[in-house]
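If you check TrEMBL, you get these features:
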- 6-150: domain 'Flavodoxin-like' (DOMAIN)
- 12-17, 59-62, 97-106, 132: FMN binding site (BINDING)
- 206-447: domain 'FAD-binding FR-type' (DOMAIN)
- 350, 382, 383, 384, 385, 416, 417, 418, 419, 596: FAD binding site (BINDING)
- 460, 515, 516, 521, 522, 523, 524, 525, 558: NADP(+) binding site (BINDING)
């Protein structure tokens, strides 16, 4: 009997879908199933007709768009010329990752599931719809779905009896073998080069541009609870071009303190060079990691030791632990019955990988270097809305960064890896460079000169609208309406002077909401309702586009509710017609959102 081959294909924007795909790969190997895990656009999609068993893991981005690394696949799979029997030999399942604060929640997963059925494939299960907004995260939907999936697969594709399942307590072989080298080969210095050196090719994740930091200034008042930074980069000679609505991806580093602490815990020499050899043929070299590489470079720029570990981290750590008590606790955390306790220990207080390793010192000291890349995920790039226009700031790129810091029951405050690292960079103390590249964002602004735009951007959500306003003003486009909200005008009113200058020139209509300046809190949705007649006239009579950017928690729902009530009051629409009107605006991209948790 032939052991079945499982193919796991992922479309991932921020890395979560890739993590889930790799988890599927590990679980398949435990069950003795041959398994390949690949990004959708790196797979020859015409070969799908010969695949018996495929799991698709895909995120939904922006306004219901596929991630960048599945766009070619997406275009191919929706070709009208494909026959309705093209995939009739395939069993499949779709695992979706989305955010229910967006109108098109898990749109890509749902649409892909329907399309595969149209092409004759057989669904093993209904699609899984993971939700970032769930208090337990996407795993709340994924864990039970995976349990059902494996039962179904093992029934349909039984593994021969002489291939018993690898028990959870035994580690799978590591993906790579670390070979420490005493002498650095002559290519070493070349290997550590990170910047994009080809002026013809725009920088990318594999070859970012090392952009010098020009300024890094705090733009919130001294009494304000949050440190918000306006950071400007020099992108001269980078071949980077961007438009309003685009985002910049930045690759952060771990702090020197954390890097040293990690190396001490694991008994590693930060200055030691190593080479990586894949254990199996066809396994690609980790992207962006030089060959050879120093331990210090691996830990500071590649391993995400400041992230909150997933359950799979505890599973592998338990396998590697030589210490009875620590191993027992790790096994408990990785078991199904221990998930509540794991949530309390790890997720609720946002305990990091480094802190967990400090709590399990005997285990940490025994981790073989070969397992570092299996155990610890790579640092993911962070995306920021670009807050400037090249027409206003040639050769420059600006972002508005809220430095993430908050307290949990742990003694040490929680800090955002990228925002804290960016805040620490001081160009006045010497040259500082940041690896970055630009990609299209989810907001697209109209090119027609007479189309008005209504922008609702409380807090740092105003960043992409500054880029749009600068661009439109440079093109002499008027009809710019900005609803901006913050706590107090003297503490966090970003770009106050700039907006007021544009108002004087007649280029902008600014509506502000300062929530803490009066007894009753006033937010952007209240200002929208107050100006309901204007909003309705702009949308219904002048074909305006409506944009919303900011925190995903309550604001998007509150603004949407305010809009719907404006449609009812000013447009005399029934509740059902107002909802349909809003849906039409979304479908025609006249209502766009960019929100984040």
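Placement of Cβ uses the backbone N, Cα and C atoms for every residue, glycine included.
Note: TrEMBL annotation is automatic and uncurated.
With 350, 382, 383, 384, 385, 416, 417, 418, 419, 596 listed as the residues that bind FAD, the site has a largest C-alpha separation of 25 Å. Each of the binding-site residues 59, 417, 524 was assessed for Cβ neighbours inside 10 Å, and the highest tally belongs to 59. Residue 62 (FMN binding site) is 23 Å away from residue 417 (FAD binding site) when you measure Cα to Cα. In the structure as shown, the Cβ atom of residue 419 (FAD binding site) sits within 10 Å of 21 other Cβ atoms. Across the structure, residue 102 (FMN binding site) and residue 558 (NADP(+) binding site) place their CA atoms 13 angstrom apart.
Closest to residue 558 (NADP(+) binding site) in space, going by CA atoms and restricting to the binding-site residues 12, 62, 99, 419, is 99. Of all the binding-site residues listed (99, 558), 558 has the fewest other CB atoms within 10 A of its CB. DSSP assignment over the domain 'Flavodoxin-like' (6-150) gives 58 helix, 35 strand, 52 coil.
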